[in-house]
Amino acid sequence: MSTALVILAAGKGTRMNSDIPKVLHPIAQVPMLVHAMRAGSVLAPERTVIVTGHGAEAVAKVAQAEDEDARIVVQDQQLGTAHAVAQARAALDGFTGDVVVLYGDTPFLQPDTLERMIAARADNDLVILGFEAADPARYGRLVMNGDALERIVEFKDASDEDRAITFCNSGLLACDAGTLFDLIDAVGNDNASGEYYLTDLVEIARDRGLKVTAVSCDEAQTLGVNSRADLAAADAVFQARARADLLDLGVTLMAPETVYLAADTVIGRDTVIEPNVVFGPGVTVESGATIRAFSHLEGCHVSRGAVVGPYARLRPGAELAENTRIGNFVEIKNAEIAEGAKVNHLSYVGDASVGAGTNIGAGTITCNYDGVMKHRTVIGENVFVGSNTMLVAPVTVGSGAMTATGTIVTRDVEPDALAVGRAKQENKPGYARKLFEMLKAKKARRDKGA
Ligand code: UD1
Ligand code: MG
């Protein structure tokens, strides 16, 4: 049976107090909407429809960056969740199979929950996802009769008896596409909010003799985000879960609560992460590496046995081969550092390749930017780059070469050559002593005058 996803993402999210549409706020550096899309991808959807409204263009851009085939529909006025799903009708034209409705602001859904909803569809026409709420607050309540779901009562329309129910509506559902749109046609807006409630589908379906049930998941999965406080709490939940997963996978986190992970961080077994390390998106660290304290990594790959930090910054395109060393206050961007190479202190290596076994001395800079364009620096194998070398790109340093400390390399250096480019030193005997005396006398005159 094929499935299609409809992800509701039109809401403004007033309580976020933001110019950014709510579903684009990130959790673990990935927009909430993308979390929802990735959760839904377990069903290998034949089509994905995103219902946008507020910030539709920005939302569409993010959705299509994640899945270029995602279909974007715009709900101009937010007239309720049923009205939102109705906007997907044309985008699902010709689709036969199950439609699964997700919310763009519910990023914690687990794959097996969706699988259970689809499985429950085998014996039911409409499947709703519910959860036992610790604090049912303003959620819609699920009125069950054995396994059958009789109706959903929105908080605003609920009696005291209904409000005592703790089994609540997550808002997610699964239903055959044809049936879903037939049912939606019958939804009215005669309720406390004057909105077209998706929750009304339940009673309409039952009136038509269809079978409706609710599948249950734990509340954490249905956690929605409505405010910055919710966002921070959701991020904390994500971090706790991701750290626990890494520990299970055999990664050492010396102070787990200080390591900040992205949703796609991959770290191999027996890697050690020291305290206060931040992972941005797109980082892979292989087994047996060490990331020392206060390092910041994004869009990079660290191979086996590499040691990074403390205080290192790996930016997008940093590719560290096995047993490389990147030390304190070193920034690497868009550069391949080959096996065993070392950049240990206070350096910037950007738009470059560094050959195996090469040592980059303290304070080395690849001058990659001329103010308009970026240029590459190519450094061969077993090169010794002396401290405080400026490599003015584009430039190549051949294998086995050396650069003398303080050299400004503006021309290519052939293999095995020594490049020296600095002003000649001159020593003037006795000058220092004379200079000191002169300066001290000057200071004494000034102190007296004051
Ligand atoms: C909804 C459910 C409620 C459930 C709760 C779970 C209805 C009527 N009520 O209530 O039973 O307990 O979710 O969180 O469905 N949206 C649109 N267009 C609209 C309206 C909403 O795209 O016109 C989107 C929102 O952006 C959001 C989702 O649908 O992602 C849910 O809307 P929201 O207004 O938060 O519904 P609730 O009142 O929370
Ligand atoms: Mg809500």
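Quick reminder: no glycine exception, Cβ is built from N, Cα and C everywhere.
All TrEMBL annotations are machine predictions without curation.
TrEMBL has this to say about the protein:
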REGION    1-228  region 'Pyrophosphorylase'
DOMAIN    6-132  domain 'MobA-like NTP transferase'
BINDING   8-11, LYS22, GLN75, 80-81, 103-105, GLY140, GLU154, ASN169, ASN226, ARG315, LYS333, TYR348, ASN359  UDP-N-acetyl-alpha-D-glucosamine binding site
BINDING   ASP105, ASN226  Mg(2+) binding site
REGION    229-249  region 'Linker'
REGION    250-450  region 'N-acetyltransferase'
DOMAIN    300-391  domain 'Mannose-1-phosphate guanyltransferase C-terminal'
ACT_SITE  HIS345  active site, proton acceptor
BINDING   ALA362, ASN368, TYR369, SER387, THR405, ARG422  acetyl-CoA binding site
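If you count neighbouring Cβ atoms within 10 Å for each of the binding-site residues ASP105, GLU154, the highest count belongs to ASP105.
Among the binding-site residues LEU8, TYR369, SER387, residues whose Cβ is positioned under 6 Å from ligand 1 are identified as LEU8.
The sparsest Cβ neighbourhood within 10 Å, among the listed binding-site residues (ARG315, ARG422), is found at ARG422. In the region 'Linker' (229-249), the DSSP tally of helix, strand and coil residues is 20 helix, 0 strand, 1 coil. LEU8 (UDP-N-acetyl-alpha-D-glucosamine binding site) has none of the binding-site residues ASN226, ASN368, TYR369, SER387, THR405, ARG422 nearby, counting only those with a Cα within 10 angstroms of its own Cα. Mapped onto DSSP helix, strand and coil, the domain 'MobA-like NTP transferase' (6-132) counts 51 helix, 33 strand, 43 coil.
In the predicted structure, the region 'Pyrophosphorylase' (1-228) carries a mean pLDDT of 96.
Sequence-distant contacts of ASN359 (UDP-N-acetyl-alpha-D-glucosamine binding site), defined by Cβ-Cβ distance under 8 angstroms and a gap of at least six in the same chain, are ALA341, LYS342, VAL383, PHE384, VAL385. Rounded to a whole number, the distance between the Cα atoms of ARG315 (UDP-N-acetyl-alpha-D-glucosamine binding site) and SER387 (acetyl-CoA binding site) is 22 Å. HIS345 (active site, proton acceptor) has ALA362 as its nearest neighbour among the binding-site residues GLY80, ALA362, THR405, going by CA to CA distance. Here the recorded positions are GLY11, HIS345; the one with the fewest Cβ atoms within 10 Å of its Cβ is HIS345.
DSSP assignment over the domain 'Mannose-1-phosphate guanyltransferase C-terminal' (300-391) gives 0 helix, 47 strand, 45 coil.
Listed in sequence order, GLY350, ASP351, ALA352, LYS374, HIS375, ARG376, THR377, ALA393 are the same-chain residues at least 6 apart in sequence whose CB falls under 8 Å from the CB of ASN368 (acetyl-CoA binding site).
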